[in-house]
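S.K.: Sending over a structure as structure tokens; questions will come in a sec.
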């Protein structure tokens with residue numbers, strides 16, 4: 001099916017960037033998303049995430065909030081200010097279930113908000129929909 | 001028990017605990033070290049996040065409490081004393097011990113729950129302030145900010161009017177849902193008294209949470225009540241009031257329009273026409289005093305029980321607001337204008353109280369509006385994602401941030417439509433809305449379309465809510481349970497295609513076995529001399545034949561998919577390609593629900609893509625060229641599917657420049673595809689058909705869109721693989737139509753059986769056969785090595801099948817009638833006569849492609865088993881000729 005995404009041109013699977021300072025979380029994302037057929041790249045903080053986004057095209061970024069060097073909000077805000085990469089959808093994943101946190105994430109420019117712990121099937125479904133892959 | 005993820009968690013946890021502990025020691029020496037407290041906090045925070053992936057609630061709870069304490073320290077709400085450092089280090093030690101237990105046993109040790117509870121309580125006791133402290137994580141907010149608000153419409157209108165007035169006056173409106181524990185009377189709680197303390201209390205409704213039992217079984221000491229209230233009290237007050245029952249209470253901010261709904265008896269006739277006209281004029285003019293007067297006058301002679309009366313009351317309170325929202329007023333006036341219309345309010349245009357946007361990112365409630373397009377049934381997650389985009393668009397924008405926001409939202413929604421396999425028109429609507437938003441530098445067009453999509457479909461939503469007499473009920477869906485009403489359980493079974501294919505194969509074998517019954521019947525009669533037995537076998541054969549056919553039809557239906565599967569990608573593609581080429585194209589799609597076999601749909605994707613790209617690239621002119629030719633600058637491409645007898649027809653029609661036969665001829669000449677004599681004889685249609693010739697391309701230069709060095713012959717190959725055919729018609733200057741005729745199914749092939757080479761049977765696919773003729777031997781002309789005969793007024797080359805197949809020349813010299821059986825076949829647009837020994841019957845077969853070492857053999861598309869056990873080889877004429 002047609003997908004408007006970065007990796008469509010070369011027929012590669014959708015490319016997902018996960019940005020989280022927790023190595024277990026990153027491993028979780030990688031195992032769930034790779035099992036669902038996506039390609040996963042990792043970054044351990046917002047700064048590294050931003051640099052990766054500039055270096056190669058991604059179809060979606062999954063971003064933790066509280067990280068060293070640059071937090072998730074700043075990372076998304078920075079990316080939204082850069083016309084070359086601002087269109088990449090962002091999902092914020094946080095441990096805070098409170099509504100004010102999801103409002104903050106959206107204000108920073110995230111497209112969706114998930115609360116940790118994320119069920120693998122929810123994660124796959126959200127990613128699948130945002131990168132445009134039918135079930 | 002050990003999994004790679006758990007191993008990773010154990011090692012990460014040890015690192016984090018180590019980091020946190022050493023950070024705490026640094027902090028103890030220098031409490032002002034901001035970097036240190038941030039590090040400690042983040043370590044514990046990360047640990048909490050990772051722990052959440054596993055089922056260790058005792059562990060996670062303790063770490064969570066530690067995180068809360070550290071958060072208070074970081075924010076300066078709690079001083080870091082040595083005692084506190086000790087407590088925190090104890091916590092880390094305990095956590096570390098548990099990690100060791102997890103590492104060795106995979107589970108927490110017995111007693112961890114109790115210990116966790118104890119230590120958690122001790123940590124929480126250190127936290128400053130009560131639940132009312134806004135910085136502290138308010139448990140009420142945690143247990144569930146978003147409660148379903150659809151019960152609002154069920155409240156008495158009076159209550160809603162009062163709450164609405166208070167809310168538009170500037171106070172934040174909160175909905176409270178309180179479901180006390182069943183044994184609450186035994187713990188000294190008095191839910192009713194508690195709620196009465198809520199001030200101001202605009203509405204309180206009490207209902208049974210479950211149906212009342214028979215009076216004999218009623219247990220009066222068991223509380224089964226559900227309380228729902230509306231208040232404009234500050235949230236902190238509510239949280240303080242309910243601090244002992246936080247788990248049983250849910251609070252949500254209510255946007256004022258969620259309260260508006262009209263109810264009552266419907267009126268007849270256009271009595272209110274004048275008022276409606278006046279009202280619309282006054283809303284546009286913003287003349288509120290005059291509008292108020294008009295409403296007052298009409299209320300004088302309107303029965304309060306009428307729906308109109310209700311709408312008038314709502315108009316009054318909406319108008320009483322300091323800054324009336326025209327959209328709400330218009331919605332109510334529309335309700336008066338059409339007694340049957342459902343109330344439709346624009347979302348998010350009102351002066352929502354500040355708390356709503358700050359506290360709850362709940363999209364404004366969306367009224368049901370039948371007649372508008374919803375998205376049909378989509379998953380709850382898709383609804384949540386769409387709602388999130390809607391909320392994002394409603395948030396205040398940083399300067400110059402519109403394009404960034406639109407970009408990411410546009411992509412997210414466009415992809416979601418693809419993922420959810422929505423209709424192509426939805427994708428087209430969406431990209432049009434995005435373009436409009438970009439053009440007018442505002443989000444209104446995209447917001448509007450999202451609101452339409454998020455509107456529950458009027459009919460199905462009403463069906464799903466069996467509340468009697470509640471036709472004007474409005475729903476305010478929250479992010480938590482949005483899909484419940486929209487999605488109706490569809491009874492769909494997902495089946496692996498391999499299973500369906502296996503079934504298909506079995507049925508194919510059944511068909512073949514069944515075909516042996518007539519042979520058996522003949523044997524019964526000829527060998528055993530039993531006519532009766534023969535007749536019974538024939539009767540049985542008829543029954544089994546019918547059943548097998550029905551089974552075949554049924555299983556084919558399983559494999560059918562709507563062509564929308566392949567059409568859906570075109571709106572986006574056409575838009576992108578058109579933009580790239582600076583052309584303006586309106587794509588319409590017809591018959592997207594026409595069904596065809598899954599294999600055909602899959603095989604057709606690329607050919608169709610090629611045709612459409614060709615149309616855009618070569619067919620459609622640029623807007624100025626079109627205008628110069630007196631056409632509308634906006635070109636049209638129509639993608640159309642329909643069923644015609646046992647074929648599915650797919651047509652791509654464009655109103656572009658058409659194909660110029662002269663240009664084609666010239667180009668074909670230049671490329672050596674035809675010679676000059678041939679060119680002179682070609683009709684226009686024959687010239688147009690030249691585009692199917694391999695290697696032919698009319699484009700002056702190869703573009704990166706459709707060129708790619710291949711031409712329409714690729715399309716022909718792809719379509720013929722499915723057993724279909726392609727035709728192209730074109731009127732110069734007016735447009736081109738490409739027509740694909742496809743079989744309904746690829747599973748069954750109809751072949752003509754012929755005999756050649758002395759009794760060998762061959763199948764020839766029916767779609768290649770033009771006609772069967774008998775040619776008198778004297779009418780066969782020889783040209784050097786070649787033979788031909790005259791069929792009506794055309795010369796048709798004649799080929800002996802046995803020669804073609806390299807079989808030893810047979811001794812067959814005809815059946816004495818001086819006539820040869822010639823099968824006239826059409827291959828690649830040319831007629832060819834195949835000389836065979838005999839014609840046999842036409843039959844449906846299940847074609848099995850060769851596999852194993854036979855798969856390399858060219859000239860055959862496969863084999864099929866005949867009823868008498870013989871193998872029929874099916875010829876692939878394209879390869880042979």
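Glycine residues also receive a Cβ, built from the backbone N, Cα and C atoms like all the rest.
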S.K.: Per TrEMBL, which of B:390-413, B:414-437, B:438-461, B:462-485 is region 'Disordered'?
M.R.: B:462-485
S.K.: Determine the Cβ neighbour count for residue B:45 (phosphohistidine): the number of other Cβ atoms within 10 Å of its Cβ.
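M.R.: 27, counting other Cβ atoms within 10 Å of residue B:45 (phosphohistidine).
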S.K.: Using DSSP, how many residues in the domain 'CheW-like' (B:748-881) fall into helix, strand and coil?
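M.R.: Grouping H, G, I as helix and E, B as strand yields 19 helix, 76 strand, 39 coil.
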S.K.: Restricting to the domain 'CheW-like' (B:748-881), report the mean pLDDT as a whole number.
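M.R.: Mean model confidence (pLDDT) across the domain 'CheW-like' (B:748-881) is 81.
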S.K.: Would you list the DSSP helix, strand and coil counts for the residues of the domain 'HPt' (B:1-102)?
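M.R.: Breakdown, helix to coil: 83 helix, 0 strand, 19 coil.
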